[in-house]
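*Asks:* The structure that follows is given in the form of structure tokens.
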Amino acid sequence: MAASALHQTTSFLGTAPRRDELVRRVGDSGGRITMRRTVKSAPQSIWYGPDRPKYLGPFSEQTPSYLTGEFPGDYGWDTAGLSADPETFARNRELEVIHSRWAMLGALGCVFPEILSKNGVKFGEAVWFKAGAQIFSEGGLDYLGNPNLVHAQSILAIWAVQVVLMGFVEGYRVGGGPLGEGLDKVYPGGAFDPLGLADDPDTFAELKVKELKNGRLAMFSMFGFFVQAIVTGKGPIENLFDHVADPVANNAWAYATNFVPGK
């Protein structure tokens, strides 16, 4: 969900920040790096406000008072009260968006190599949970199966590069830009929206909802991929092919009732 704290809501969420506050945080230089623009009214969308769709439709229970429909992806469900505290709520919104994005990338990375492999593209190992182990093989790990792209033989080197690169990106995000310009930590815009897809405020509001809906599905997908890997020892595409070939013998119920850990 949106990551800015509740007391920092923009007019996109109902309260317009004053220009002097933006100048104080960003500067009045007229440069390209600015905070995410604001608008004069709340999003005109069915996904926001008190009349937004709820998690059980007309059968939903009373919506908690702190779930007002102000933020994207709010279906009025918080049985455990995890978002009752405003600071926790803001933190959870940020975490959900970040995990959603990683899950969408991860889900694509799990299925795409298998799809390519099924269509004749050569890989050292196309199954996602087996691919990383290739670095321990004698020949090492070749990116896309091509030693001329990236050839790796040291797990420590990969770990170090990942820490540095991901640390840099996360530092950029948390710091609000390379120089601490105060960019939104979750929706910075600028170079992260080169096509200008979020220029229109109402379109931006819809895209936030779509991102979360797809991200939540991707997180469930990743969980399913983990379970499939443990239970079947196969990738998601191979499992799909097995299910289509014999739906009765290859389905979740059949595996659950015959699964023996360690075998």
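Yeah, the Cβs are placed from backbone N, Cα and C, and that goes for glycine too.
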*Asks:* The chlorophyll a 1 site in Swiss-Prot lists W77, E96, R216. Which one of S65, S83 belongs there according to the record?
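*Replies:* Answer, per Swiss-Prot (chlorophyll a 1 site with W77, E96, R216), from S65, S83: S83.
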*Asks:* When you measure from the Cβ of K210 (chlorophyll a 5 binding site), how many other Cβ atoms are you left with inside 10 Å?
*Replies:* 13
*Asks:* Hey, how far is H243 (chlorophyll a 6 binding site) from Q228 (chlorophyll a 5 binding site), Cα to Cα, in Å?
*Replies:* 12
*Asks:* For R216 (chlorophyll a 1 binding site) and A252 (chlorophyll a 6 binding site), what Cα-Cα distance in Å is obtained after rounding to a whole number?
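*Replies:* R216 (chlorophyll a 1 binding site) to A252 (chlorophyll a 6 binding site), Cα-Cα distance: 21 Å.
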*Asks:* Please report the Cα separation of Y55 (chlorophyll b 1 binding site) and E170 (chlorophyll b 3 binding site) in Å, rounded to an integer.
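*Replies:* A Cα-Cα distance of 32 Å.
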*Asks:* Would you count the other CB atoms within 10 A of the CB of Y55 (chlorophyll b 1 binding site), including those on all shown protein chains?
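*Replies:* I count 14 other Cβ atoms within 10 Å of it.
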